[in-house]
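Colleague: Supplied in structure tokens, the structure appears directly below.
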Amino acid sequence: MPNPLPLVFDAPRRAMPPRHFADLDESGRAAAVAELGLPAFRAKQLANQYYGRLIADPTQMTDLPAAVRERVADALFPTLFGAAREIECDSGETRKVLWRAVDGTTFESVLMRYPDRNTVCISSQAGCGMACPFCATGQGGLKRNLSTAEILEQVRAASAELRDRDGGRLSNVVFMGMGEPLANYNRVVAAVRRITASSPNGFGISARSVTVSTVGLAPAIRKLADEKLNVTLALSLHTPDDELRDTLVPVNNRWKVDEVLDAARYYADVTGRRVSIEYALIRDVNDQPWRADLLGKKLHGELGPLVHVNLIPLNPTPGSEWDASPKPVEREFVRRVRAKGVSCTVRDTRGREIAAACGQLAAEG
């Protein structure tokens, strides 16, 4: 097993990007417009352009007087990042973008097109401080938090690409890219509010179509429940026992399995939403029949019908000694979890060959 890395909850103190329109809530937008000496109605106009028409360049905002476009661009729409590399697979249905921020920081997002939906997997941090040994992102360490605008710009870029490509619409947003979302709590919550707010205050994506993942920061899970955002909570559990989870998911040394599941139950009770349990199945590590039985027993006892297990065949990462469990073992694991009365399916893995699947994002390049 790889030498453990330290847990990092607080991002290194690095300068954040300049203020961007997407960092601002409704009152902040009004204040920013007033600072520029513009009429109050311009704030709503700019929001309609950004969130409704997906335009982030004021020089293209035709309902804005030409004389003020450059001033608005300089004050509210600085360049945050650009695409450093783009790669596709699945016949063009999966597309990974490596973004490079103005300070050189890199992070990734993945756009996945399905017959019935379009999903973008976005990053909340550049890197990750949770140090999970089977995850390429966790092994790379934490560089810095992303700003609210950097998070939202990933969503806007994906939405604009779908629209421009074939008139498609973004339907789902999952915070399953780089980083631990609940370790960048305030910015992630602000981003979720604007993702789900109706136009002109946000992108208008249903809260039920937004998923926030976590390795199990129990107090933050409870805090998120009290926000009443009603997004889907995805808990990366990966094993039901503390002995193994202390190593597989090092944050377990801070909050044990039972405490994390208790927080998940609180989330389900407050929101009425089913909690998703993410479980990367690793050959001869966490795929034993007794672990399937214990997982089903614990989840059924804590969450009853308000839980679903997503089994994820382990995706390969450079230098890893681990690989996915054989299909017969996977099928038996599913059967045993279901036998305990818990819904369980194997996730459709996209992007494995371009290192765009779960646990593979490393922002290299």
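Including glycine, each Cβ sits where the backbone N, Cα and C put it.
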Colleague: According to Swiss-Prot, Gly179, Glu180, Ser236, Leu237, His238, Asn315 bind S-adenosyl-L-methionine; so which of Ser159, Ser199, Ser206, Ser213 is the extra one listed there?
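Modeller: Answer, per Swiss-Prot (S-adenosyl-L-methionine site with Gly179, Glu180, Ser236, Leu237, His238, Asn315), from Ser159, Ser199, Ser206, Ser213: Ser213.
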Colleague: Average pLDDT across the domain 'Radical SAM core' (114-352)?
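Modeller: Mean pLDDT across the domain 'Radical SAM core' (114-352) comes out at 95.
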Colleague: Which ones, of the recorded positions Cys121, Cys128, Cys132, Cys135, have a Cα no more than 10 Å from the Cα of Gly179 (S-adenosyl-L-methionine binding site)?
Modeller: Cys128
Colleague: Of Glu108, Cys121, Cys128, Cys132, Cys135, which is closest to Leu237 (S-adenosyl-L-methionine binding site) if I measure between C-alpha atoms? They're all recorded positions.
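Modeller: Result for Leu237 (S-adenosyl-L-methionine binding site): the nearest of the recorded positions is Cys132.
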Colleague: Can you tell me which of the binding-site residues Cys132, Cys135, His238 is spatially closest to Cys121 (disulfide bond)? Compare CA atoms only.
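Modeller: That would be Cys135, nearest by Cα distance.
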